Amino acid sequence: MSTFGAAPAGNPNPNNSFEVAQPPSDSVSSLSFSPKANHLVATSWDNQVRCWEIMRNGNVVGSTPKASISHDQPVLCSAWKDDGTTVFSGGCDKQVKMWPLLSGGQPVTVAMHDAAVKEVAWIPEMNLLVSGSWDKTLKYWDTRQPNPVHTQQLPDRCYSLTVRHPLMVVGTADRNLIVFNLQNPQTEFKRIISPLKYQTRCVAAFPDQQGFLVGSIEGRVGVHHLDDSQQSKNFTFKCHRDGSEIYSVNSLNFHPVHHTFATAGSDGAFNFWDKDSKQRLKAMSRCSQPIPCSTFNNDGSIFAYSVCYDWSKGAENHNPATAKTYIYLHLPQESEVKGKPRVGTSGRK
């Protein structure tokens, strides 16, 4: 994969994306679009969960702040209910809040852990919420009941989680990847040591549930198939590097229509890839700060990403006076996100 030059120093938006109005006052930890409408939620280190309505008119995109709620401590993760009415958020206050956003209701606490909640996901096929924590557990919740339906011990702290029912993959500390078949959620289906040598940052289940992607702090992505007969299709590739500089892969998002995927990294770049033809479809220019999180909307016509300090160099390298947080919206061209046959594998060039 070819490398690309650095963005002009200080330009947070070299790709001329649309800027979301009134972004958080501190770094963004997660972004999630409603599965039903262009409502975008961001969680932040400023203890807030915010929602914007995104309006698209041709090639112009606008944003209107809609509502927000507070946690007692930084918020780390968010997820929507499949009907688009409700948002779940979890964080350093060790709880998950359920926010009936569309009805204008007040948030209620629906899940508790013994340490920070790093990941949440709604599983519509089971009508349950799953939360993963640094307390080394996964918990399943019926949001109408105060106690978890099931608590699953993990080998270490939960760092990342992805669900495409019946497949769920949990990435923990120490490079463990725990695979669950949600038709039998109380038993691990498979435990894998990451194909990447360094700490896991993100995972994403294939849309066809046949495997998953894993991204690490060492500028690398692994493509892993679950079926033993498909192991020859597994590979890893380097990305988010610039010469000898290596950056974390922070976010992996499959395109909902074309099933290609995006990576976003601490080098300030986002790229679009096709795992089946092993090609990079598009490399975007590097922003002046890291991209800690990103997401597609429900039809893949909008790609949201945040540009802000990612805390990878600690508090001593964070200057609140100069650090600014941005959320941007990119409209992917079909050529950027539609897979194409590899040159030489067919008559097409």
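Any Cβ shown, glycine's included, is placed from N, Cα and C.
Keep in mind the model is a prediction, meaning the values are calculated, not measured.
The region 'Disordered' annotation in TrEMBL falls on one of the ranges 1-25, 126-150, 276-300, namely 1-25. Secondary structure of the repeat 'WD' (249-283) per DSSP (helix as H, G, I; strand as E, B; remaining residues coil): 0 helix, 21 strand, 14 coil. The DSSP breakdown of the repeat 'WD' (68-109) into helical (H, G, I), extended (E, B) and coil residues amounts to 0 helix, 21 strand, 21 coil.
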